[in-house]
Each structure stands twice: as structure tokens, then as C-alpha cells.
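Residues or ranges marked as ATP binding site in Swiss-Prot: LYS12, ILE13, SER14, GLY15, GLY56, ARG60, THR164, TYR171, ASP174. Annotated UMP binding site per Swiss-Prot: GLY55, ASP76, ALA137, GLY138, ALA139, PRO140, TYR141, LEU142, THR143, THR144, in sequence order.
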Amino acid sequence: MMKKRVKRVLFKISGEALSDASSSDKISEERLSRLIAELKVVRNADVEVAVVIGGGNILRGLSQSQNLQINRVSADQMGMLATLINGMALADALKTEDVPNLLTSTLSCPQLAELYNPQKASDALSQGKVVICTMGAGAPYLTTDTGAALRACELKVDVLLKATMHVDGVYDRDPREFADAVRYDHISYRDFLSQGLGAIDPSAVSLCMEAGIPIRMFSFTKHSLEEAIFNTVGTVISSTEGGQL
């Protein structure tokens, strides 16, 4: 269990979590409904939640730039737009369930979302709204993980929760390739960076290290958002021995 009361979290989830591999739908009704239910449970537990959502279910910037005749900058910008599409879907679904929320965009899209402002976003969280942050870091060559870490620092969250669909934490090597890969319950920021481990962008880890924000990486196929906040699941990246948040 956690040592301290968690009051504010940044939940980073991939766009892939919204899609169903068995369907051609980019956004699965079942997956979206599950996400809404998870957010409602956590909000009802008096935890303030900001969400950073990826766009990989619609388009991946780097892979698209390699496969199509599109330069990297344009491809990354297209990927950022994909996160806005997912954010709009999430915002509307939350509204349908009477969950107050604020949809924000790092880049100006006034007809679609409010321009992200740290103070306004923090105020919205304090008012019980789910804050949805789209467009990543707002610049090419920077991942959505890095954008999530930036938002986590600005909003002064207690923990950054990164949900994945393929692994249940940080391993010493890729568990999908090596059956004997070992999962860490806890690893320090510096050890994560010095060992060149994957699963989360090192730039994001560096930002969280500077701000002293722990990161919990967990499997969204195995665990709920509530479990990631209140129980010991996945891997904690922090400076605290033992992985306590």
C-alpha cells in the first residue's frame, strides 16, 4: 500500500488502449466505456485525475514517416492531431456520463479544445474535473511520454501512472523476446537511465526525477487504474527505496 494519501495523478494511456485488435474500429466502444468507468471510480475516491492520451490507434508519427513519403516533422504533427481526436472522444463520453471535464490542447485549436494553461488546468482539477491533455508536448521529436511528464511537473501531481497494453512493468530486458527477463518492483531514476531500459521515454524519466515525481508503470490489461493508485502493482521508478509512493 502507499505511504501517503494520493490526491492528484497524471494518467498516461496509449491510444492503443482505445482500440480493439479484433476490429477495424480505431476507437472501441467497449474499451472507451471501460476507461470511463475507471475514471469515474477514481474520481469518486476523491482523486484528481489528469489524462494524457496517445494517438497510436489512429496514427504513429515515426512509423508513418518511414512507411509513407512524409517527413518526420509532418508525421509527428499528424500523430499529435490523432491524440486530439482521442481526447475529443473521451471528453464527449465523459460528458455523456455526467463527468465534468476539461479538454485541452497544447497547440491552439480554439474550435475543438481549450488551449492548455497550467493554472487553468490545475484549477479545473481542484474543482473535480477530469483534465484531458492532448497534442503531447506540442513539438515534433518529443514523445507523448515526455508530454505527460511535462504536464505532471506543471500540475504538481503525486504520481505519474503509465498504463501499457503489452508489459506489466519495467524489465531488465524485453520480456517479449526473453522468457527469463526479470521485472523490477522498484528501480531508481538513475539506474533506469544508466541501464538504458525501455518501456518509457528516458526524457520523461529525467523530467520526473528533477521534479521528484514517482512513476508507476503497470499493465492496463491486468490491473485497473484504481489498483495502480492504491495497491502495489507494476514497477515504481523513483528515488525512494522499496518503491513506496
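Every residue, even glycine, has its Cβ placed from backbone N, Cα and C.
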Message: Using the alpha carbons only, what distance in Å do you get between GLY56 (ATP binding site) and THR143 (UMP binding site) once rounded?
response: 11
- prompt: How many whole Å apart are the CA atoms of ALA137 (UMP binding site) and LYS12 (ATP binding site)?
  reply: 13
- prompt: Which one, from the binding-site residues GLY55, GLY56, has the smallest tally of other C-beta atoms lying within 10 Å of its C-beta?
  reply: GLY56
Message: Can you tell me the CA-to-CA distance separating THR143 (UMP binding site) and ASP174 (ATP binding site), as a whole number of Å?
response: 20
Query: In sequence order, which same-chain residues at least six apart have a C-beta under 8 angstroms from TYR141 (UMP binding site)?
result: ARG72, VAL73, ASP76
Inter-residue Cα distance where the pair is GLY55 (UMP binding site) and ASP174 (ATP binding site), in Å: 23
Number of other Cβ atoms within 10 Å of the Cβ of ALA139 (UMP binding site) across all protein chains: 15
Statement: THR164 (ATP binding site), DSSP three-state class -> strand
- prompt: Once the DSSP letters are reduced so that anything not helix or strand counts as coil, what is GLY56 (ATP binding site)?
  reply: coil
Nearest recorded site to GLY55 (UMP binding site) by CA-CA distance, among binding-site residues LYS12, SER14, THR164: SER14
Task: Inside 10 Å of the Cβ of ALA137 (UMP binding site), count up the other Cβ atoms and send me the figure.
output: 22
- request: Please report the DSSP secondary structure of LYS12 (ATP binding site), reduced to three states.
  value: strand
Query: Are there residues of the same chain, six or more positions away from THR164 (ATP binding site), whose CB falls under 8 angstroms from its CB, and which are they?
result: SER14, ALA199, MET217, PHE218, SER219, PHE220
